[in-house]
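Report on one structure; see the data block that follows.
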Amino acid sequence: MDELVNFVAQRKRLFVLTGAGCSTESGIPDYRDAEGEWKHKRPLQYQDFIRSKNVRKRYWARSLLGWQRIALAQPNPAHIALACLERAGWIDQLVTQNVDGLHQKAGNRRVLDLHGRLDTVECLDCPWQWPRETFQQRLEERNPDFKNFSAATAPDGDALLEDIDFSQFQIPPCEQCAGILKPSVTFFGEGVPPQKVKQAYAYLEDADGLLVVGSSLMVYSGYRFCRAAWEQRKPITAINLGRTRADDKFFLKIAAPCSQVLPALVTQLGI
């Protein structure tokens with residue numbers, strides 16, 4: 001712990017990268033186990049969502065049930081601690097792979113949502129966007145029977161709804177052009193918007209260290225920043241349970257829950 005305290009105390013422009021492990025204590029499941037392997041089936045791929053109306057029906061039916069877990073989730077001690085570190089001046093920028101908005105709820109202001117946010121729905125055929133809460137009401141109005149189904153929660157507002165006939169599920173169209181609607185997040189197999197990647201690299205260029213919190217870094221969209229920091233000879237520290245893709249690049253790694261480590265860090269820094 002002393003090494004982590006010293007690492008942060010010596011930084012003035014810390015770049016923080018967070019992943020799903022930061023939100024598990026808020027009741028939002030993560031994708032991977034301690035070995036970095038998938039816990040469930042391969043996540044929905046972007047091209048499958050685009051090509052198949054049946055796939056979209058299945059996605060939105062499961063999301064209808066899973067959304068409330070995201071909507072009601074509250075920041076946990078890890079989120080609160082990161083907000084404290086930002087206010088105290090140690091965190092210059094936080095880039096998150098999460099789509100739950102919990103960093104903003106906790107009070108962080110310098111946040112880049114690398115993979116977007118689930119609380120907005122967008123049209124693929126026009127610039128129109130919709131708040132997810134409003135879209136949720138439309139989904140429930142068109143599919144009243146689905147509200148009563150019970151399903152285990154899955155990552156990113158999904159629900160494990162199997163052996164169900166989705167053929168009659170009704171998806172509200174875009175109100176402006178009747179186009180296809182999609183959550184405003186980056187799906188697996190979909191590229192992160194280039195402007196976000198460019199902005200994140202610019203933040204990293206100005207940083208004097210990288211702190212990884214709750215990410216296995218198995219997905220390239222996050223790993224790329226560890227690789228860039230390593231190439232720039234910036235020190236990298238990670239707080240993560242289990243193996244990561246960048247274990248060979250860390251100055252320090254703490255294999256413990258971030259919801260325990262970060263509050264202890266804040267206390268020892270005297271914030």
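Glycine residues also receive a Cβ, built from the backbone N, Cα and C atoms like all the rest.
Owing to the predicted nature of the structure, the values given are computational and were not obtained by experimental measurement.
What TrEMBL lists as domain 'Deacetylase sirtuin-type' is 1-271.
Marked as NAD(+) binding site by TrEMBL: GLN97, ASN98, VAL99, ASP100, GLY214, SER215, SER216, ASN240, LEU241, GLY242, CYS258. Look at SER216 (NAD(+) binding site): DSSP puts it in coil. Within 10 Å of the C-beta of SER216 (NAD(+) binding site) there are 28 other C-beta atoms, taking all protein chains into account.
When secondary structure is read from DSSP and collapsed to three states, HIS115 (active site, proton acceptor) falls in the coil class. For HIS115 (active site, proton acceptor), the same-chain residues 6+ apart in sequence whose C-beta sits under 8 angstroms from its C-beta are THR96, GLN97, ASN98, VAL99, VAL185, THR186, VAL192, SER221. Feature annotation from TrEMBL assigns active site, proton acceptor to HIS115.
The Zn(2+) binding site annotation in TrEMBL covers CYS123, CYS126, CYS174, CYS177. Under DSSP, CYS126 (Zn(2+) binding site) is assigned to coil, being neither helix nor strand in the three-state scheme. Listed in sequence order, the residues of the same chain lying 6 or more apart from CYS126 (Zn(2+) binding site) and placing their CB within less than 8 Å of its CB are CYS174, GLN176, CYS177, GLY179.
With a 10 A radius on its CB, VAL99 (NAD(+) binding site) counts 25 other CB atoms from all the protein chains. In this structure the alpha carbons, written CA, of CYS258 (NAD(+) binding site) and CYS123 (Zn(2+) binding site) are 36 Å apart. Taking the binding-site residues CYS174, CYS177, CYS258 in turn, the residue surrounded by the fewest other Cβ atoms inside 10 Å of its Cβ turns out to be CYS177.
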